[in-house]
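Reviewing the structure listed below.
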Ligand SMILES: Nc1ncnc2c1ncn2[C@@H]1O[C@H](COP(=O)(O)OP(=O)(O)OP(=O)(O)O)[C@@H](O)[C@H]1O
Ligand SMILES: Cc1ncc(C[n+]2csc(CCOP(=O)(O)O)c2C)c(N)n1
Ligand SMILES: [Mg+2]
Ligand SMILES: [Mg+2]
Ligand SMILES: [Mg+2]
């Protein structure tokens, strides 16, 4: 299959989004928008950095690459609409495997009526997938990291540390409780897009998605909003059998593991009940885990409070690609 046959094989025959004017097949795609604001993001996934063939089937690789991007749209409160895929393909990947990568993306895209409207195909040394996503929000309704305020409640969706646990299990085969659950959370993470877009009913909410670990993302909210956050360690939600892992693994995975693609945010106390109602409507577990304070020394810290009330600064560490 040459480049052109490959593009032919992966392209959609019809589009679901009414705003599309030109999809795959020209020099660029065209869509029209008059009333809503457009939200766009890109994330890149590299073999042996973000995924490996030993722990992921090709369809999981596609699924998770698109999932991570939908997660960024969700963190903006946007409804997903389009995606474009740039792929670098090494000779060692077969046509069947590449088709499965795209099928993994298409499976998740179908849940959100997303259309594949373009991309780029080149050969190279490591399988590398960059996905650009486009979504919509109603005017002025994009949700930013920078809007947390004094006395807000800090909340998180779902459970933390499952993806890192799943990655550990895939790399260290053995007997584990809920093995399939953890593997699924790593390979095909749950999306919070429906919950996130309904948050437009709130007058204000700060949002960030958890790709690097809640420690890192909580700092991003604190710094962008110029507030300090206090998080209660024993309130951080974990899955029922998470206790099977060592204390150190639990601590590291839930705070710094990343790739859970849950949402962390802050909301005013008087809108907590509305937030809970939206969570119930969309079957989204949410947990209050702490609070925001503006009375600080200009450092905008994140504090971690242990069960015995001892409070320490939470380090802004997680999975980072470049240091120094
Ligand atoms: N190479 C780059 N060139 C231009 N802008 C960039 C580049 N890398 C990141 N950015 C921008 O920096 C901001 C933060 O990006 P970052 O990738 O940290 O966010 P994220 O996607 O939420 O996190 P993650 O990549 O861990 O999922 C975004 O506005 C992003 O578009
Ligand atoms: C083979 C393999 N090695 C390591 C990891 C773990 N990992 C990779 S990137 C990342 C953080 C998010 O990255 P980004 O900031 O690029 O979104 C994490 C936790 C993995 N999933 N697969
Ligand atoms: Mg990014
Ligand atoms: Mg993000
Ligand atoms: Mg991201």
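Positions of Cβ are set from backbone N, Cα and C atoms, glycine also.
These numbers come from a predicted model, not from an experiment.
Over in TrEMBL, the protein carries these features:
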BINDING   27, 72, 209  Mg(2+) 3 binding site
BINDING   43, 120  Mg(2+) 1 binding site
BINDING   102, 119, 120, 145, 211  ATP binding site
DOMAIN    25-137  domain 'PurM-like N-terminal'
DOMAIN    151-299  domain 'PurM-like C-terminal'
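Cα distances from residue 72 (Mg(2+) 3 binding site) to the binding-site residues 102, 120, 145 are smallest for 145. Across the structure, residue 102 (ATP binding site) and residue 209 (Mg(2+) 3 binding site) place their CA atoms 24 angstrom apart. Comparing the Cα of residue 209 (Mg(2+) 3 binding site) with the Cα of every entry in 43, 119, 120, 145, these being the binding-site residues, the smallest distance points to 145. If you draw a 10 Å sphere around the CB of residue 211 (ATP binding site), it holds 20 other CB atoms from the protein chains shown. A C-beta separation below 8 Å, combined with a sequence spacing of at least six in one chain, links residue 119 (ATP binding site) to 24, 84, 85, 86, 87. The binding-site residues considered are 43, 72, 120, 209; of these, 120 has the fewest other C-beta atoms within 10 angstroms of its C-beta. Of the recorded residues, residue 120 (Mg(2+) 1 binding site) and residue 27 (Mg(2+) 3 binding site) place their C-alpha atoms 11 Å from one another. Taking a Cβ distance under 6 Å to any atom of ligand 3 as the criterion, the binding-site residues 27, 119, 120, 209, 211 reduce to none. Cβ crowding, taken as the number of other Cβ atoms within 10 Å, peaks at 102 among the binding-site residues 27, 102, 145. Averaged across the domain 'PurM-like C-terminal' (151-299), pLDDT for the predicted model comes to 97. Of all residue pairs in 102, 119, 120, 145, 211, the annotated binders of ATP, the farthest apart have Cα atoms separated by 31 Å.
Taking the Cα of residue 27 (Mg(2+) 3 binding site) as the reference point, the closest of the binding-site residues 43, 145, 211 is 43.
Among the binding-site residues 27, 102, 209, 211, the residues whose Cβ sits under 6 Å from any atom of ligand 2 are 211. Taken residue by residue, the domain 'PurM-like C-terminal' (151-299) breaks down under DSSP into 69 helix, 28 strand, 52 coil.
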